[in-house]
Ligand SMILES: Nc1ncnc2c1ncn2[C@@H]1O[C@H](COP(=O)(O)OP(=O)(O)O)[C@@H](O)[C@H]1O
Ligand SMILES: N[C@@H](CC(=O)OP(=O)(O)O)C(=O)O
């Protein structure tokens, strides 16, 4: 069995969805579990619905929701021939549930409502694609992943219960393949044992696909992207990038950790644990070789790998009483960052101060200052970038940093990181 993952970009237009069908058709006769994300930027749109709903602006939330509904109906009408296709009733049921939620008075946490509403994107996209595939002769079963992926209730970043999910996989997913070659399901979402929807973290569909690949002992996982494969830098940010034909799991984990926004960082572990290769392929041209990610890639020829994180803030946390920054104070500071869900992208400490680079999020910085201000003086610079280069060389660094005002640099044998 193979596992395919199609992300939002591959479903962003009618032509692209048709292209996805033609890719799947070219694998006729193979058993494929297909994981699908929300179409285009639907998740961002749904995030706006949640924000308005939670701020008490119900009307606006409802209008935005209706806009999303109308967009999906239009896509369905353009793709489907049968105006009485049962998928229309299924879509209606999803909207009605979302509208009920928006009609409620918020009494639970923001994160709870986020998951109940944002999960709609994947339910809509999979229902439409599954119905379209069936009409187009690609017989498939639509599966609600919330009947399979059991998680805790850590809303927006739920953790999978591997035992229950594995049992569901064996009992509910494997039998579907007795009758059909294709099963279509949602990435990014799951459910608690109370049947509440959860999400697994933004861009989490790559990870969902990896969980399926692991539990179904798939021969491979392929994620279909709008790029020819994994490149040595984001082609949207750097000119003259090169494709990487093969690379190891550990190198990709490093790239994802430093912020390369091409594969979700949690994706690799479930694959590495079972030695399942991960292919990154181009949905615009399936014949391009793409990238193979595995344990034993030949990385002798690996080019320097560049990762740029923009919109960064460099925080300086200095003790007010001239007390040293000790293991104890660092562990206290870390615990606060953890509680506020602030990820540290780079850190450095000196005698009485601790510096770190984090993503710019005004609310979180404000909350952090509130907690720390009695014991520490906090200052920060915003509008920064964090550049990471793996397998660097000096001429390349000089070129990348030309004309940049550098605020902090860390170098090891393989990796250099610069805040500028
Ligand atoms: N090292 C990299 N190699 C290739 N693409 C990258 C890299 N880093 C970032 N990207 C970006 O990832 C995008 C593809 O991923 P993404 O848009 O998340 O796809 P989807 O959401 O459809 O799965 C590319 O268009 C590219 O801009
Ligand atoms: N739709 C979710 C999950 C996801 O993984 O999407 P994509 O595959 O398009 O990055 C998100 O946008 O976060």
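Any Cβ shown, glycine's included, is placed from N, Cα and C.
Database features, via TrEMBL:
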- 2-281: domain 'Aspartate/glutamate/uridylate kinase' (DOMAIN)
- 5, 6, 7, 8: ATP binding site (BINDING)
- 43, 122: substrate binding site (BINDING)
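Within 10 Å of the C-beta of residue 8 (ATP binding site) we count 22 further C-beta atoms, all protein chains included. The binding-site residues listed here (5, 6, 8) include 8 as those with a Cα within 10 A of the Cα of residue 43 (substrate binding site). Taken in sequence order, the binding-site residues 5, 6, 7, 8, 43, 122 that lie near ligand 1, meaning a CB under 6 Å from one of its atoms, are 7, 8. The 6 Å Cβ screen around ligand 2 retains 7, 8, 43 from the binding-site residues 5, 6, 7, 8, 43, ordered by sequence position. The Cβ neighbour count for residue 43 (substrate binding site), using a 10 Å radius over every protein chain in view, is 21.
The ATP site is set by 5, 6, 7, 8; from the centre of their CB atoms, other residues of the chain with a CB within 8 Å are 9, 10, 11, 35, 36, 37, 187, 205, 223, 224, 225.
Every protein chain considered, the tally of other Cβ atoms within 10 Å of the Cβ of residue 5 (ATP binding site) stands at 27. The separation of residue 122 (substrate binding site) from residue 6 (ATP binding site), Cα to Cα, is 11 Å. Non-local contacts of residue 122 (substrate binding site) by the CB criterion (under 8 A, 6+ apart in sequence, same chain) comprise 36, 37, 38, 145, 186, 187, 188, 189, 205.
Counted within 10 Å of its Cβ, the other Cβ atoms near residue 7 (ATP binding site) come to 24, all protein chains included. Under the three-state DSSP scheme, residue 5 (ATP binding site) falls in the strand class.
Summarising model confidence by region, the domain 'Aspartate/glutamate/uridylate kinase' (2-281) averages a pLDDT of 97. Within 10 Å of the C-beta of residue 6 (ATP binding site) there are 29 other C-beta atoms, taking all protein chains into account.
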